[in-house]
């Protein structure tokens, strides 16, 4: 009612903001409604001012420039340097938005709509957006474009921020830096204007003549006050609905132009008239009625605008309706409430009433002393003013005669510039009642909302309640009128949503049915197009087998078949042929337990094939699949069986009954009925054909090795057996633990086959050293120094001036006294005892192997014994290293020796040579891994040298990755290796470990499924639709712990491979299931391929699976660190290794072997490790290309190794982040005052604080940012190994769940990684995530699709490369 009136110097936007803010102060106290209450806070209102008290003046403070925020968090964030800012070039930003919008147009599929949407929820969403001060049209566009696609409030905000221009965004959302004052609302408001704000209850006042004590105001001031009153009235009429619901922002008020608004309304009015005329012609009464309502609404608002003080009369338009129709006269109750807000002068009001001759509202408010003993309203008002306004004079009462009735004008001076004047329109029969009624109305205005009316006489109490009820009704009517367009829009939108929801429910069964079908060309086809054709065996019948049977009979009659048949008959397994075949006819599952060398791997599949082809009865299938754990086994066994069958064309030839299939290589034909394949190939076949419909017999060989793939395959086969009664399963194992497999398959029969072996004499390390005369030098690389780790110490150095400087140094710490020697070794020489005590058991002594080989040829005991030497080594690197030593040692130059390396990555010719007998007088030396334990048999081996080491897949909790680590073998494996020496005659086994160590070996190796991460297994389970991984793996032979499975699923969710709430693969997960590598490495490789940098990424991935090529010799740590620092690049250990690799390749190409060796020595690099990196890199690249991805020709086309450019580094760091996330931490930058002082880099990770390892190039890094790390290890403290400094873009593009905090201008990743960003940029990154998923989905649907010219990838690549450039 009454408002504060203060002199203004000039009308303007600030005054408008001040006045409107005053009119809304009370509504601001209620807060925003709906989701805005909890999720997106709006600005806090000013504290309420007690009635009658003066408002405190806001103290002028220093101006602060920052991104405008709705609360303190945003501002504080801007002051925190550790929260990095994200900025995109303006032109690039516009292009990215164009790509996003284009993608949305092309992919306009509507998402699932929530069935719980209601009009109330839509209204809450509408009002929440309205509370953010978005315009009505923008709100409606946003809701239409997002809710119909399954969106919510966040989706609508994202749409608005992405599609509105910066100047169209409300305050707090725009991208520009804005000026703000602490705790000021509205912004940029001067102290003088703020002081004029009136309390919420005084927004409806009537200006009367001034008190003589108050100085008369100038005409200019009156105009300004009129402007303020007009704004208050307009705000009241337009925004009545906001009372009690929430405060609205000031964007529209700050930019309000009545003339522009008037012209807009005039245009809309003309449109509405044309629409009404059209409806009239169409006789559409409903449409005509709606159009008339619009016309009336526009006209009312235009009339209001015409009263604006700065309205330009030149643009005023005359319309008939405006001239004819006048606003309806207010009711007496409304007049009594003075709800018109802006009454004209008393004289004008009486004159108007006189003209209209309206009947007066005359009432009697008399009450007796008996009915009321309290104060009268007049006395109550006087006492209230004295108490609450002690500096103000007593209220004045001016009686006004209206005919024979009375009313009273009451005047209350609240302050020098604030006078409340009220005059009720209700008339009384005497002057005293009029004074009491005026006092009641004054109290109603002064203490509105309080229960003062209970202290008044009953008659005045009733009129008070009457006023209150009428005011509420009026507010409700105004609210309904104002909200009518909104409610109409919500009703239409809700109707559309329900219609779309019904359509989705009708289409869902069809889509689910279609979704179960495999795409026409699925991703498995690109594992190897021809490979899967080999496993896609055609269904066979008796007629189909006729040509094959005829072929087999022809082969049986060949001399080659008959000659090899005699050799087969000498094998131990051959005499069990009939029992094996008969048992298989009676039982569907059989376990064949045979010793190594019994011939089971070649003969059991051969027996089955012969029986099925020679059996003329029935029309049984004949498609046999025999799985092998290694590729070399599959190839060599298939080759041998082909020879035994008499096939001249070899495996997979035109007239061959036997073939093989390994990764990226297939040898099979139409006549193939026996297929040897790796376990992984059959698992991929199961992803395509879950029941193996075309297979009649499955033979799983080497099940005793308990690889994770074979255990997984057994679970699937056990379930298939319950669904297919015609499938037969044969498990072939060494004699170890065969009963366990029988029990797993409901106590199926076991056929035990003895082996053919001769006695083997065993020599242990102590015997070998004693006999060969080997001397272990103290400076030898194989001599144990008992060094465990380096300890960090702090040294205080006092300078001449008395200052103290601290230095951090690392000194080697010994583990203590040397271990005591077992008394058992006292019988050996002191030289042997010294060797046993100090020889490093964890390092293979290649020098000792050379001495032993020489000893075999020189000692009288062995030099006359013919036979091959089989050396068991842990991996390819050791094979290559020993091969190089033998090749360069002149003692082995002569033709007396034939050195053969046996490994699955080597050529087929080299592998074939291992199985051939050498010429007489030539000693064959075969270097092999544990594949020679049981997988293959080299027929002429007499000597076995067992290093006792093997490589096992092991999970590292520190890096959440698995890798092949070197470890000791089990007793069972050692005995298998020993047995290889006794196949043709009495043999000899030389163990390069002591007898005491052998006794400490485990009896059996731990099943792989219990010691490796299960991410890859979970991917296969979900890919094959086998249900929940937890439920499926509980059926395994040795079920892993639920926590391990849960960890695997959590990691898959983190990297985006499966859906967050169900065991279902995402597009990325579908691709990762096609790569038999660790999921983190797989993700790196996929992103490396799609961003055109597969070669360097494959090298980085190889580094993660193998050990670092950098070495630190004892006593040369400083030199090694200096050499590593010279190769350091881009604050990254990973890129430093790649830089070293590039230098090695360059030296290799330019200077040959000598230059290569010199480069490695100069930079402290292990050449063997670099060779291993090269081999693993090539293998990984083959895997990725086989899965349908190819690297960019531009990168592969580079001539020779080149230095990394800035753009290359940015791209490689982004791909590293894609693979290693969430192994990331925030650098706790603590810059020292002394520039020479080096502080260790401290990092805050999600699990706590850690320190960068001393071996890292980032050890002394001190800057704000985020650090990727490969591994987290705990020594005396927690260290991060292999780290890389990354920028915000990679984290935002490839990190965890991203959330946009619109008002705070913050981006959060996984709820703890924060970046500052204008809201539009924040939404861009959120949308780019969706685009990356869409690219992967398209690639999944069409594996042959080229990604080289994809617009989405091009724009993302450009974005990454231009960061900070």
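Numbers here mean position along the shown chain, with the first residue as 1.
Even glycines carry a Cβ here, placed using N, Cα and C.
For 1-74 (among others), the entry in Swiss-Prot reads region 'Disordered'.
The phosphoserine annotation in Swiss-Prot covers 69 (among others).
Under the heading region 'Disordered', Swiss-Prot lists 174-222 (among others).
Positions annotated as compositional bias 'Polar residues' by Swiss-Prot: 187-203.
Under the heading phosphoserine, Swiss-Prot lists 190 (among others).
Per Swiss-Prot, phosphoserine is recorded for 198 (among others), and the stated evidence type is a large-scale study or a structure entry.
Swiss-Prot lists 206-222 with the feature compositional bias 'Basic and acidic residues'.
Taken from Swiss-Prot, the feature region 'Disordered' covers 235-257 (among others).
Residues or ranges marked as coiled coil in Swiss-Prot (evidence: sequence analysis): 281-308.
Under the heading region 'Disordered', Swiss-Prot lists 500-524 (among others).
Here Swiss-Prot flags 581-754 as domain 'Helicase ATP-binding'.
In the shown protein chains, 22 other C-beta atoms lie within 10 A of the C-beta of residue 599 (ATP binding site). Here Swiss-Prot flags 594, 595, 596, 597, 598, 599, 600, 601 as ATP binding site.
Broken down with DSSP, the motif 'DEAH box' (701-704) shows 2 helix, 0 strand, 2 coil. Residues annotated as motif 'DEAH box' in Swiss-Prot: 701-704.
Annotated domain 'Helicase C-terminal' per Swiss-Prot: 848-1025, in sequence order, evidence recorded as sequence analysis.
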What are the non-local neighbours of residue 601 (ATP binding site), defined as same-chain residues 6+ apart in sequence with CB under 8 A from its CB?
-> 626, 628, 633, 637, 701, 732
Among the binding-site residues 596, 598, the one whose Cβ has the most other Cβ atoms within 10 Å is 598
According to DSSP, folded down to helix, strand and coil, what is residue 598 (ATP binding site)?
-> coil
Other C-beta atoms that fall within 10 angstroms of the C-beta of residue 594 (ATP binding site) = 25
So residue 600 (ATP binding site), by the Cβ count within 10 Å over all chains shown, scores 28
Are there any residues in the same chain, six or more apart in sequence, whose C-beta is under 8 angstroms from the C-beta of residue 597 (ATP binding site), and if so which?
-> 572, 755, 756, 757, 937, 979, 980, 983
What mean pLDDT score does the domain 'Helicase C-terminal' (848-1025) have in the model?
-> 85
Once 594, 595, 596, 597, 598, 599, 600, 601 are set aside, which residues in the chain still have Cβ within 8 Å of the Cβ centroid of the ATP site?
-> 571, 572, 573, 734, 753, 755, 937
Hey, what's the Cβ neighbour count for residue 595 (ATP binding site) at 10 Å?
-> 19
